[in-house]
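Record features, source TrEMBL:
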DOMAIN    B:35-216  domain 'Electron transfer flavoprotein alpha/beta-subunit N-terminal'
BINDING   B:Arg236, B:262-263, B:276-280, B:293-300, B:Asn314  FAD binding site
Amino acid sequence: MSNALKILVPVKRVIDYAVKPRVNKAQTAIETSGVKHSMNPFDEISIEAAVRLRERGSPRVDDIVALSIGPAKCSDVLRTAMAMGADRSMHVQVEPSEEHGELEPLSVAKVLKQVAEREDCNMVILGKQSIDDDSNQTGQMLAGLLGWGQATQASKIDFKEEEEGYVRVTREVDGGVETLKGKLPMIITTDLRLNEPRYASLPNIMKAKKKKMSKHTLADFGVDEARRLKTIKVEEPPPRQGGGKVEDVDGMIAKLKELGAI
Amino acid sequence: MFACRTSLLTYGRSQINPQRSLRARQSILFQLLSTLAILEQREGQLNKNSLSAVTAAHRLGGSITGFIAGSNVKPMAEEAAKVQGVEQIIVVENGSYDKGLPENYAPMLAENIKKGNFTHIIAGHTAFGKNLMPRLAALLDVQQVSDITEIRSEDTFVRPIYAGNAILTVQSTDPIKIITIRGTAFAPAEIADGSAGLADGTDPNHPISTEWLSEDLAASDRPDLATASKVVSGGRGLKSKEQFDKLIPPLADALGAAIGASRAAVDSGFADNSLQVGQTGKNVAPQLYLCAGISGAIQHLAGMKDSKVIACINKDGDAPIFQVADVGLVGDLFEKVPELTEKLKQ
């Protein structure tokens, strides 16, 4: 059936959200060695969204492919994605480079375009942003490259029986929400409110070890590592001085007046 | 500004006669630099905050053109034309751009950019700008620079990364610079007595497969959270929606403040998602950020630590919020907030 969904879910391995990042001594990047990494929180939501669509059953979900671009250790987040319910995964191995940093969103989008076309996907669900670079670009760029519709910052994904081949997405916008109806194929980026990702159970983690993970390089997709942006410097933000505590409400009002805040 | 000029001069030196006066040199250079500031509109109203893009354009130097698209946008364009230093407003009059859907807005914008030979394209890092600009960047094969807080020179920008825990200075090598700006870092340009001309833009009227159905905006007569000069924010410590609604709005009213919330408060259903302050919500930088029952997780601090004065009420004196607060009160918010509200009213 032509209306069955084949979903691509790109996931990124990032420094764990609870870790306070430290700038390296040379002020060229964030220190990543020996730091806890995990799947970008928005990408967990994307995987969960894809798996819930399958559980919903209508339209049928034929394939959920998780993909990650990055160093060897990205295979960990792909295993997690498969343990959560992705059918298979693709790892485009790109080792980190001191001078280049990581691949830029535009290059990532170019790889994803190739994959979406080759794998014949009709939906790509991405996180709205990665919590390291905070760019919020990849999904929109991919939609532009493919010429597909886009619904960013989704808080609800819905299908209606009578609207075959269409998806309804409610988006978080400034001041509230808006709802779009998009014709498949479609790019969706996920907001935190979309769902609560499941924990992978031990049996599912074991099963995920048997699922297929294919290995690729950038050259397979005709994309090079060239960067358009050069990092000049990475610095710690200026520290804020905690101004100490006051005893009571009157003290608070007096201090706020003194600081000219009220 | 000085750094910006220096870089412009360095850039231009190879191209122009060094015998000319500094003034002439600068004027030639400024012609090389041509910025398009994307202005937002909603329901026939110009979003004044999007005039921040004009402020950023001023810092770049060079010529400034405004851009506005939608139905009946002429009056808004005329309003924006009064901003000092804007040379022209490009207007695309067509109702299919009213909802800012990037599927047709981005290709239309790309056509206008190619036609106008712009070197810099600036929009706010708002829901509209975030949705639109990367799609535009991909169409033009440009790596966008998101959410910048500072312009160092025509190609070098400063932006926070890792939820504001690091500050990145980055240089773009793209021929066209596509930038979104953090609204709190660039005050909106004021509507004064400028007199930019209006010009009709190109409208390819690209067909699209996405349809806008409806919206549900949180109605509020309070100041807009992202731009308010004072913000009162509540967190998980408020324990319930009832307590949030009972304690936070009166305090906000007493101060004339906007209302914000932590992610924990939003997730627990105490407050609407659009009020969330933090890495994944809104960035605010008011004169006063007063919060109660918020511990100060890094994701929350990312959204408010540029506030001028931070005040907090929390019963846990070791909460990380106290490390950034200028005024901290350790105590039970259920007592202290009503007391503070009463005393502020007097």
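Glycine is no exception: its Cβ is also placed from the backbone N, Cα and C atoms.
Annotations in TrEMBL come from automatic prediction, not curation.
All features noted in TrEMBL, drawn onto the structure.
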residue	record	DSSP class
B:Arg236	FAD binding site	helix
B:Gln276	FAD binding site	strand
B:Ile294	FAD binding site	coil
B:His300	FAD binding site	helix
*Mean pLDDT, the domain 'Electron transfer flavoprotein alpha/beta-subunit N-terminal' (B:35-216)?*
96
*Cβ-based isolation winner (fewest other Cβ atoms within 10 Å) among the binding-site residues B:Gln276, B:Gln279*: B:Gln279
_Tertiary neighbours of B:Arg236 (FAD binding site) (same chain, Cβ under 8 Å, six or more apart)_ = B:Ser262, B:Ala264, B:Ala265, B:Ser268, B:Gly293, B:Ile294, B:Ser295
*When you measure from the Cβ of B:Ile294 (FAD binding site), how many other Cβ atoms are you left with inside 10 Å?*
31
*Find, among the binding-site residues listed as B:Ala297, B:His300, the one whose Cβ has the highest number of other Cβ atoms within 10 Å in the structure shown.*
B:His300
*asked:* Taking each of B:Arg236, B:Gln279, B:Ile294, B:His300 in turn, which of these binding-site residues have a Cβ less than 8 Å away from a Cβ in chain A?
replied: B:Gln279
